[in-house]
Structure formats: C-alpha cells, structure tokens
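A.B. asks: Quick paste of what TrEMBL says about this protein:
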- G96, T97, F128, D213, E214, V215, Q216, T271: pyridoxal 5'-phosphate binding site (BINDING)
- R131, S270: N(2)-acetyl-L-ornithine binding site (BINDING)
- K242: N6-(pyridoxal phosphate)lysine (MOD_RES)
Amino acid sequence: MIPSILPTYNRTPMAFTEGTGSWLLAEDGTRYLDFGAGIAVNALGHAHPALVEALTAQAGKLWHVSNLYRIPAQERLADLLVEHTFADTVFFTNSGTEACELAVKMARKHFAAKDEDRTRIVTFEGNFHGRSSAAIAASGSEKMTKGFGPLLPGFTILRWGDHDALEATLDDTVAAVIVEPVQGEGGIRPMPDACLKGLRELCDRHGILLILDEVQCGMGRTGRLFAHEWAGIAPDVMMVAKGIGGGFPLGAVLATEKAGAAMVAGTHGSTYGGNPLACAVGAKVVEIMTESDFLPEVGRKAGMLRQSLEGLVDSHPQVFDHVRGAGLMLGIKCRVPAPDLVAAGYAEALLTVPAADNVVRLLPPLTVSEAEIAEAVSRLDRAATALVRDAA
Ligand SMILES: Cc1ncc(COP(=O)(O)O)c(C=O)c1O
C-alpha cells in the first residue's frame, strides 16, 4: 500500500523534535551534530534567537497579504539585497526551483522584448537547479528526466570543464548560461575563478545573460555573501534560496535592471512569494551575515575544518580520497561508497549529506563553533575507523 507520504524520498528512520545551534535532538533522545544543516538551509543554525524573535514578532502582527499590495517586510529585504549585491531588483519565491523557473523565463523574455529570437539556455552536466519542468530540462540527466517527457525544449547541456565545447556553443543564438559557481548535488565541484571570469567574458562577447545558481553556494557559505564574488565578476541574474530563509521557505531571483526590465506587470507572480513572515526572517539573516565580522569568521572556521579534514584523509587512505569545495561547503571524495560513510556517521550521531561523484558533503551551520568542528572531525574519524574495521 502506498504510504500516506508519497515515497519520493529514501528516508532514514531518524526523526528530530528539536534543534539548537548545530545540534538536533532525535525522538530517541540522541543529540546529533548537524553537518548537513538541512542541505545548506539552516545557515545560522537551529532556533537562532534573532530569527525566532523576527519570526514571532511578525507572526503576532501579520502573516499574509497578497502581492496586490505593498509589503514593507518584502521591500526591506529587497533593499538589503540590492544594497549588498550586484542586483538592481529582486523577485521573491518560496524555493530554489521556483527561482530557476523565473530565471529561465526572465532570460527568454529579455530577448523576446527586443524582438530577438534567442531562447537557447546552456547548462553544465552535474547541475541541480530543482525539480520543476524547466529545472529538470536544464539538468538533462536520465535520473531527473526519465518518464517526465516531453521536456521543455531549448536546453543544451555541456560537459563540466569542456572549454572547447563552451567556446563552440556560445554564440548569438544563446539567451543565457546557467551555472552553479560551486556545484552542490553534483559533488561539491567549484568552478575555478579563472573559468568563471572566462565565462563572463564569453557571455559579454555574445550578448548572453549569465545566470548564477547560488541556491546552495550562496548566502555566506563560501565566506563571501555570494560565491561569485571570489572571481571578481557579477552575473546578470542570480537564483538564491536555502540559506536566505535560515529554514523558513524563501527564495529569490536577483537581477540587473537590464536583465529584469522586460518582466513588467502581469508577466510573473506568486501567491506566497515575498510573504511577510519569510521576508522578516530573510531580512534578519541578511543583516546578521553582513555584520562586519560574520563572513571573516566563516572563512576562519572553514580553514580550520578543511585543514582537519585533510589530516583525516591522510590517516584513512582506504576510506577517503580527497577534500574539495569552498568555505563551509566541503566535499570528501570517498573510496568507500559515500552512503556507507554517511551511515557510519549516523552511528556516531553525526549528520552529513551524500552527493554525486561518491562525495560526502559537509555543510554545517555557518555559526558552527571551533569545538563543534573538532567534534565533527573526531566523529568522522571514528566512523572511518569503523568502516575499515567492518570491512576487515
Ligand atoms: C544549486 C541548487 N539549485 C536549486 C535547487 C532547488 O531548490 P529547492 O529544493 O528549494 O527547490 C537546489 C536544491 O538543492 C540547489 O542545490
């Protein structure tokens, strides 16, 4: 019999009842150290007092009004994002996949408004932009698309790192390129800064819009507010979600005036997008992350975690291959099946997340402490030791 929850997830049996900072309390009383953070969602940890206060204060005043009216909490968050990023304008969504939908629509509309017949969107294999029809067409992988055809047409998917294919494909029939500066689901694969710069130049040469998907790698995760800042470039359009709501459903599309100008009244909408509760939390998240010492602290702790992980890789060569990633978005490429390491972590009450390419992701809250980093590394050490022992 089909369960009451449509079984689209392979769930592990643990269920959590409470969270504080980097810790989750399970139904059976076990305290888990959370180095998954809801897959990069709980950027400020669980139950951050300032977020609880922002949410409850708003909840006592007003939950929802239609986008037919001005929403001051939404205006405040949009102004903050415009102040701290390349963007001139913002549309709020409830998720990353909705941000992907709008980014694709925006790119096509941009050229349609100029009477230019440019609809092609170029993406890279290994990407993950969500589960909507546009996002799965952008992925192209069999796992994502099988049985869901006919797919939205107009997507060209290139091999990651294939510069020749990129040069050959980008011409003036292409509307946009979509790329994650650090692929998340694809196995924590950072695009080198020089490649991101080169991509920006190619897009400029052909008048193509550059859309960055910073749903997973954005919102402070790499030690800058957005990952592309390391490469010294700016996109035309950017998808954001996950960390921006700190656990409350919120996403956004950020755009330059030029890229967004064709999205006039009536071209897009959302009942809940930019809801007062979500935006009250989002504004508090951005305020905290843009305090002067927040991002440097992320960088410092990221360095610490990375160094400890490199040591761990050296001491368990049968289990680990190498560490990669940026900031507090790190992946360990494994020599054992990655899900086995994740499961061995569960046995040590440590939560991590598997990704493609046999990688285990470490995505702790950005507020993680030095002591918690040391604790996570020693739990991983024990998990790796147990794997080797069990294999013997
Ligand atoms: C890079 C990236 N883009 C888009 C999405 C889709 O976001 P959502 O699950 O909020 O729809 C995800 C989710 O994992 C993601 O990692």
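Glycine residues also receive a Cβ, built from the backbone N, Cα and C atoms like all the rest.
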A.B. asks: Which binding-site residues from the list G96, E214, Q216, S270, T271 come close to ligand 1, meaning a Cβ under 6 Å from one of its atoms?
C.D. replies: G96, Q216
A.B. asks: Which has the fewest other Cβ atoms within 10 Å: R131, K242, the recorded positions listed?
C.D. replies: R131
A.B. asks: If you count other C-beta atoms within 10 angstroms, which of the binding-site residues D213, E214 is the most crowded?
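C.D. replies: It comes out as D213.
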A.B. asks: Pyridoxal 5'-phosphate site residues G96, T97, F128, D213, E214, V215, Q216, T271: biggest Cα-Cα distance, Å?
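C.D. replies: The two farthest binding residues have Cα atoms 25 Å apart.
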A.B. asks: Please state whether DSSP places D213 (pyridoxal 5'-phosphate binding site) in a helix, a strand or coil.
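C.D. replies: Once the DSSP labels are grouped into three classes, D213 (pyridoxal 5'-phosphate binding site) ends up as strand.
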A.B. asks: Work through the binding-site residues one by one (G96, F128, V215, Q216, S270) and point out the residue whose CB has the fewest other CB atoms within 10 angstroms.
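C.D. replies: If we count Cβ atoms within 10 Å for the binding-site residues G96, F128, V215, Q216, S270, the smallest count is at S270.
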A.B. asks: Can you tell me how many other Cβ atoms are located within 10 Å of the Cβ belonging to T271 (pyridoxal 5'-phosphate binding site)?
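C.D. replies: Excluding its own Cβ, T271 (pyridoxal 5'-phosphate binding site) sees 10 Cβ atoms within 10 Å.
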A.B. asks: Over all shown protein chains, what is the count of other CB atoms within 10 A of the CB belonging to T97 (pyridoxal 5'-phosphate binding site)?
C.D. replies: 21
A.B. asks: Based on DSSP, name the secondary structure state of S270 (N(2)-acetyl-L-ornithine binding site): helix, strand or coil.
C.D. replies: coil
A.B. asks: Roughly how many Å separate the Cα of G96 (pyridoxal 5'-phosphate binding site) from that of K242 (N6-(pyridoxal phosphate)lysine), to the nearest whole number?
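C.D. replies: Roughly 7 Å, rounded to the nearest whole number.
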A.B. asks: Which ones, of the recorded positions R131, K242, S270, have a Cα no more than 10 Å from the Cα of D213 (pyridoxal 5'-phosphate binding site)?
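C.D. replies: Close recorded positions: none.
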A.B. asks: Given K242 (N6-(pyridoxal phosphate)lysine) and F128 (pyridoxal 5'-phosphate binding site), what distance in Å do their CA atoms have, once rounded to a whole number?
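C.D. replies: Counting only the Cα atoms, the answer is 13 Å.
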A.B. asks: DSSP on T97 (pyridoxal 5'-phosphate binding site), three-state: which is it?
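C.D. replies: Reduced to three states, the DSSP call for T97 (pyridoxal 5'-phosphate binding site) is helix.
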A.B. asks: Nearest by CA distance to S270 (N(2)-acetyl-L-ornithine binding site): which of the binding-site residues is it, out of T97, F128, E214, Q216?
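C.D. replies: That would be T97, nearest by Cα distance.
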